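Database features, via Swiss-Prot:
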type: TOPO_DOM; residues: 20-386; note: topological domain 'Extracellular'
type: CARBOHYD; residues: Asn51; note: N-linked glycosylation site
type: CARBOHYD; residues: Asn205; note: N-linked glycosylation site
type: CARBOHYD; residues: Asn224; note: N-linked glycosylation site
type: BINDING; residues: His245, His247, His263, His320; note: Cu cation binding site
type: CARBOHYD; residues: Asn256; note: N-linked glycosylation site
type: BINDING; residues: His263, His271, His280, Asp283; note: Zn(2+) binding site
type: CARBOHYD; residues: Asn321; note: N-linked glycosylation site
type: CARBOHYD; residues: Asn364; note: N-linked glycosylation site
type: TRANSMEM; residues: 387-406; note: transmembrane segment
Amino acid sequence: MRLLSVLVFLISVISIAKADYQYAFCKFNELSIGGVEGIAHLLSTDGTTLNITFDFTTSYAQNTQFAAQILTYGYNPSSMTNLGSVFDPTNVKTAGCPSGTPRAGDIGNIQANGGNVEAQTISLNIPNIKDDANSIIGRSIAIYGGSYDCSDPSKSVIGDMISFCTIGVGNIDYSSFDKSKLTGVNTASSYSNLENAIGLAVVYNTTITKGDYIEGRVLFKALNSSFIQVSAKVSGLSYQAHGFHVHQFGDVSSDNGTSIGGHFLKTGQEHSLPPSGTRHYGDFGNFCAFSQDMMDTGYYYYETDHVTAALVIGRGMAVHNFTDKGNSDVGGSRCGQGVIALIQDADYSLNLPMDWKWDVICANGSYYGDMSTSMNSESYNDNEPGSSSTVIPFFALIIFSIIFALL
């Protein structure tokens, strides 16, 4: 009996010592009003309670509190402040403060001192940052100039949105949390079964970039239950092939691109180029198509069933200085980075020139897409056999050799 008790105790200790956790990161965007600059950390150590810690400064020095909400979408390419309704997966519909029975996205009021907020934590029980229908990874947190009336939420005047941030999977190594208490692994994730997911990353330059200012967008859109379409347009790039990857973390706390971590992958996958079926989830090859009219703008187009759009929501993405050759040479430093946000508009498109011949391997380096008919590049797609471009010429060579021998 004593032995059984000891075993139960040891199992309990081991499970506690190796308990997984979820951590996410959110960096506030500056809007035309508010002058907000700062971040939010999201941490759950029990899978039930989500603790959101705010650290930001604003130009609203007169404010003693700010209303905060979790909104349905992480970004809107047409309107920065239209991010959908308050996140409400349980269909409560009525606004409220955490002390009552609010919608999942009603964070409540953030207390401020001279308009600034320092290390203030609010705990919520419905939203989470793990792989289920209540996950807010890829969605947004919005800050408003007004506040909730918690005694009568119907009278709340939260005012205009003064800032928002896209919630990405966080890199705990770049946080100020006591990591000695977090001995498991970070299992933060978007909801992997989210149907018809559309992800959009706004790309901006890292401090690695010298000279040109990099900016652009990368779009991940589900085509059907299996395939997604990945398209991108990024300006400020040098005329050469640039490695392109989805990374483990949607954490842009580091300006040099290191906090987004390594490539997004699952156990057993190895770094490679498309269309390898064993490559990392995040291995998308290279940008190498350029326009003669816009020589500093790189374009990308690819269709794949190797990963879903829902899985990459809330992850980071990077454009590298050089070519990813599919080996240990993955493209050098990260010159551009972004967080993949969940967006609403199913019709949104980057309007790429679809008559180009697309190449994501880029073995021949960069090329002008509008002159692709004269290029000797192959167009790669996961729904095409990767060897088809060499099999037919090989048999043609054999037949020609036989005919020549008979002459």
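Cβ from N, Cα, C; glycine included.
When Cβ atoms from all protein chains are considered, those within 10 Å of His320 (Cu cation binding site) total 22, not counting its own. Cα distances from His271 (Zn(2+) binding site) to the recorded positions Asn51, Asn205, Asn224, His263, His320 are smallest for His263. In the three-state DSSP reading, Asn256 (N-linked glycosylation site) counts as coil. Other Cβ atoms within 10 Å of the Cβ of His263 (Cu cation binding site) number 20 in total over all chains. Taking the Cα of Asn205 (N-linked glycosylation site) as the reference point, the closest of the recorded positions Asn51, His245, His247, Asn321 is Asn321. For the binding-site residues shown (His245, His247, His271, His280), fewest C-beta neighbours within 10 angstroms: His271. Taking the Cβ of Asn224 (N-linked glycosylation site) as centre and 10 Å as the limit, one finds 8 other Cβ atoms among all the protein chains shown.
Most buried of the glycosylation sites Asn51, Asn321, Asn364, judged by other Cβ atoms within 10 Å, is Asn321.
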